[in-house]
Amino acid sequence: FITAAFDIPQISTGDMLRAAIKAGTPLGLEAKKIIDEGGLVRDDIIIGMVKERIAQDDCKNGFLFDGFPRTLAQAEAMVEAGVDLDAVVEIDVPDSVIVDRMSGRRVHLASGRTYHVTYNPPKVEGKDDVTGEDLIQRDDDKEETVKKRLAVYHEQTEVLVDFYSKLEGEHAPK
């Protein structure tokens, strides 16, 4: 809704990383190893990707970050780079709901169609509705990996709520 209303792109570091992984780029291969282990990709890599992305023409009227920044270093780097934000939104969801939602997700790799074993199941269990091909659970959607990522979130990302609430002056969200 927001991207359509303001005619701005949604920028997801996760999507950018998945594209790099699918393309088999050196960054993608490095990122895949880290993500599959439940870790977060290094800040310098993410910040570089984001700076390149927001410099593109379709971002001249603004953009919507999805899942970024994730660390204090990323937030500080964006402030230092002069990237000012109009608003910051935290969606507070209990860990148990996140684990349930993510670990239940199934994907048809060729098309990107996404299902959920409980909330949006395919017509035939484990099969894509259109092609009948197998659905997979991405490694980063496995329960153990999701729990590791949540632990990292609580350690590294929760501090951003305090960071943005205390940010003052021209860089503060309006």
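Positions of Cβ are set from backbone N, Cα and C atoms, glycine also.
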Which of Arg101, Arg105 belongs with Thr114, Tyr115 in the ATP site listed by Swiss-Prot: Arg105
Tertiary contacts of the region 'LID' (104-141), as residues 6+ beyond its ends and Cβ separation under 8 Å: 35-36, 38, 149
Stretch-averaged pLDDT - the region 'LID' (104-141): 97
Secondary-structure category, per DSSP, in which Arg105 (ATP binding site) falls: strand
Binding-site residues listed as Thr13, Thr114, least Cβ neighbours within 10 Å: Thr114
Thr114 (ATP binding site) in three-state DSSP notation: strand
Least buried by Cβ count (within 10 Å) of the binding-site residues Arg105, Arg138: Arg138
